[in-house]
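Chemist: Structure in structure tokens, see below.
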Amino acid sequence: MSSLVHSEDALRITEIFYSLQGETRTMGLPTVFVRLTGCPLRCTYCDTEYAFTGGELMAIQDILARVAEYQPAYVTVTGGEPLAQPNCLPLLTQLCDAGYEVSLETGGAMSLEGVDSRVVSVLDLKTPASGEMQRNDYDNVPRLRSQDQVKFVICDREDYEWARFKLDELKLADRVADVLFSPSHADLSGRQLAEWILQDRLPVRMQLQLHKILWDDQRGH
Ligand code: SF4
């Protein structure tokens, strides 16, 4: 890492690691994860509370150098909430410029404005049981692009009904590449969610989080 880190081109980073993508369209593909520190939300089911504080200030050029060590095809910028740090935007652009397929995992409370058009944004819409539903920024919906994905983490039947309503109201299946329904690992069985989706014939992709199945949610995977 460079000895001099100037805050104007730096980000606070919790971890950079190489693993299999655990969810989304590229699930199962080797990916480098850049986890940014900090999040303005406090979802009930959050599994990355260790990313709320701490971290290490890194210059963008040093982040790019760390990512390059793995020679990946795919890079995911995640958090915490990556968009809470303004320098996330130039980081995304420079990762795209370096030739990676770049995705951004964002919690839905921060604006997608300014995100490089080559990035695949995976936008959470927070459900009632998350405790953060009121933070959803619906101005992001018209900003979604055809390659993007919208994700609902579902804890119970009420969440499911709410997600089904939003799917229809916001015409999400027509806007984005995939609408993802994911059971909250500790709250709802995958089989139950699968049965609800099939009963209602919803045009969504159900996903289980591969990294939790393989590594039981250990940090760094
Ligand atoms: S948005 Fe993500 S990182 Fe932030 S509290 Fe919710 S689940 Fe955790």
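Positions of Cβ are set from backbone N, Cα and C atoms, glycine also.
TrEMBL labels come from automatic prediction, so no person has curated them.
As listed in TrEMBL for this protein:
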BINDING   L20, Q21, G22, R35, T78  substrate binding site
DOMAIN    26-217  domain 'Radical SAM core'
BINDING   C39, C43, C46  [4Fe-4S] cluster binding site
BINDING   Y45, C46, D47, G80  S-adenosyl-L-methionine binding site
BINDING   T48  Mg(2+) binding site
Chemist: L20 (substrate binding site) has how many other Cβ neighbours within 10 Å of its own Cβ?
Modeler: 15
Chemist: If you draw a 10 Å sphere on the Cβ of Q21 (substrate binding site), how many other Cβ atoms land inside?
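Modeler: Q21 (substrate binding site): 18 neighbouring Cβ atoms within 10 Å.
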Chemist: Centre the Cβ atoms of L20, Q21, G22, R35, T78, go out 8 Å, and tell me which other residues of that chain have a Cβ in range of the substrate site.
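Modeler: These residues sit around the substrate site: S19, E23, T31, F33, T76, H211, H221.
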Chemist: If I take the alpha carbons of D47 (S-adenosyl-L-methionine binding site) and C39 ([4Fe-4S] cluster binding site), what is the distance between them in whole Å?
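Modeler: If we compare the Cα positions of D47 (S-adenosyl-L-methionine binding site) and C39 ([4Fe-4S] cluster binding site), the gap is 12 Å.
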Chemist: Please identify which of C39, C46 has the densest Cβ environment, defined as other Cβ atoms within 10 Å, among these binding-site residues.
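Modeler: Ranked by Cβ atoms within 10 Å, first place goes to C39.
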Chemist: As a check: which entries in Q21, R35, Y45, C46, D47, T78, the binding-site residues, place their Cβ less than 6 Å from an atom of ligand 1?
Modeler: C46
Chemist: May I ask for the distance between T78 (substrate binding site) and T48 (Mg(2+) binding site), taken between their Cα atoms and rounded to an integer number of Å?
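Modeler: Here the two Cα atoms are 10 Å apart.
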Chemist: Cα within 10 Å of C46 ([4Fe-4S] cluster binding site) is the criterion; apply it to the binding-site residues L20, Q21, G22, R35, G80 and give the hits in sequence order.
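Modeler: Checking each Cα against C46 ([4Fe-4S] cluster binding site), the hits are G80.
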Chemist: Within 10 Å of the Cβ of G22 (substrate binding site), how many other Cβ atoms are there?
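Modeler: That number is 22.
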Chemist: Can you give me the same-chain residues 6 or more apart in sequence from G80 (S-adenosyl-L-methionine binding site) with a CB-CB distance under 8 Å?
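Modeler: Within the chain, G80 (S-adenosyl-L-methionine binding site) has Cβ neighbours under 8 Å at T14, R35, L36, T37, G38, C39, T48, A51, F52.
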